[in-house]
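Asker: Please find one structure pasted underneath; my questions will follow.
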Amino acid sequence: MHPVRKKRIIAISSIVVILGLALALVMYALQQNINLFYSPTQIVNGEAPKDVMLRAGGMVVEGSVKRDNETLSVSFEVTDFTETVRIEYKGILPDLFREGQGIVAQGKLNANGTMIASEVLAKHDEEYMSPEIAEALKQSELNSTSSNTSY
Amino acid sequence: MSWTWFHKLGSPKWFFQFASRWSLGVFLSGVVLLLIGLVWGLAFAPEDYQQGNSFRIIYIHVPAAILAQSCYLGLGVAGFVFLVWQMKMAPIFIKSVAPLGALVALIALVSGAIWGKPTWGTWWVWDARLTSVLVLFLLYMGVIAIQNSLEDKILADKAVAVIGVVGLINLPIIKYSVEWWNTLHQPATFKLTEKPAMPMEMWLPLLISSLGLYLFIAGLAMLRMQTEVLNRERRSSWVKEEVLKNGI
């Protein structure tokens with residue numbers, strides 16, 4: 001290969017590598033700001049500041065959703081399977097909100113470590129299936145658990 | 001290994017003749033595949049058990065997002081080739097593909113926002129995936145703006161090549177943003193190493209519309225590059241002959 005071209009390849013590659021490293025360091029330093037939400041573990045460990053707008057995310061705990069009969073108030077717990085955080089919200093929840101679903105809530109933590117949310121967003125995963133398959137899976141799960149319990 | 005294909009690809013005349021033979025066919029087969037994939041996906045594929053019919057926008061969103069990244073990868077490689085080997089075709093490629101890439105990136109962003117509103121409950125959040133794709137779109141806009149605003153064409157070619165190469169850093173960030181950070185966006189639908197987490201009647205139309213969009217954009221890119229070749233080589237004898245023989 002021509003020496004001039006070789007020199008150019010080395011120069012360009014090193015520029016890209018150095019810029020990439022610089023950017024990687026910046027992103028590493030700002031990791032907490034790039035993360036969209038705090039996990040329940042971080043909140044329980046006190047890593048999240050109180051009385052500041054922030055987001056908390058996790059899975060809605062089965063059976064933890066309590067709805068107020070008179071108003072739109074709703075309260076539920078989210079978990080990352082290590083710790084749980086209670087979230088209180090007043091408003092209309094997204095269609096995908098349900099128990100066992102990942103959600104991200106924006107709001108402020110109060111002194112008790114409960115989040116007073118002003119916005120609740122639903123996450124979904126990259127698994128898609130048709131209602132029939134989902135139904136069949138549920139059935140087979142039910143069957144296997146009932147057959148297990150019958151022993 | 002023979003490098004003749006590499007040198008041939010660098011010759012505007014050879015590329016023009018190659019593209020005149022193939023561009024229309026590639027474009028039309030892209031249109032056909034895209035139509036099959038979209039009609040199949042939007043009308044006949046089963047709906048999602050959680051999201052219902054709003055999940056169908058995946059058949060527009062995912063192909064556009066894949067293409068937005070692929071076009072930029074091409075831009076970056078062409079930029080590198082131009083900076084090292086000064087190949088004439090590389091800046092022609094960059095100039096022709098940048099607006100197409102910007103278009104698919106915009107489609108990915110808009111369709112994602114439309115999908116996000118009913119499923120997540122919001123049009124936009126500043127999470128790592130959404131933001132890095134917005135940066136990708138802005139990089140395309142930067143390439144287009146610089147290419148068109150610099151009077152000195154040689155300087156413009158060099159400048160966009162540099163942006164193309166440097167912007168490559170953004171691609172792994174887009175790809176791994178959903179794994180490195182907490183994001184609202186879900187992980188990738190198509191992975192190279194695993195089967196997609198959906199049944200075949202869902203991913204097959206998605207694959208077809210993705211391939212269709214690839215061919216569609218490739219065909220458009222070749223047509224645009226042909227025009228650009230004629231424009232840049234207008235003083236050479238073969239272009240004069242070509243125009244006299246076949247018209248414009």
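These residue numbers are counts, starting from 1, taken along the chain as shown.
Using the three backbone atoms N, Cα and C, a Cβ is placed for every residue, glycine included.
Below are the features I grabbed from TrEMBL:
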type	residues	note
DOMAIN	B:5-185	domain 'Cytochrome c assembly protein'
TRANSMEM	B:21-45	transmembrane segment
TRANSMEM	B:57-85	transmembrane segment
TRANSMEM	B:97-116	transmembrane segment
TRANSMEM	B:128-147	transmembrane segment
TRANSMEM	B:159-178	transmembrane segment
TRANSMEM	B:202-223	transmembrane segment
Asker: So, does the transmembrane segment (B:57-85) come close enough to the transmembrane segment (B:159-178) to give 3+ Cβ pairs below 8 Å, pairs being at least 6 apart in sequence?
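Answerer: Yes, the transmembrane segment (B:159-178) contacts the transmembrane segment (B:57-85).
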Asker: So which residues does the transmembrane segment (B:202-223) touch in its own chain, when a touch means Cβ under 8 Å and the partner is 6 or more beyond its ends?
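Answerer: Distal contacts: 19, 22-38, 40-41, 44-46, 58-60, 62-64, 66-67, 70-71, 93, 96-97, 100, 104, 189-190, 196.
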Asker: Please work out the mean pLDDT for the residues of the domain 'Cytochrome c assembly protein' (B:5-185).
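Answerer: Mean per-residue confidence for the domain 'Cytochrome c assembly protein' (B:5-185): 93 out of 100.
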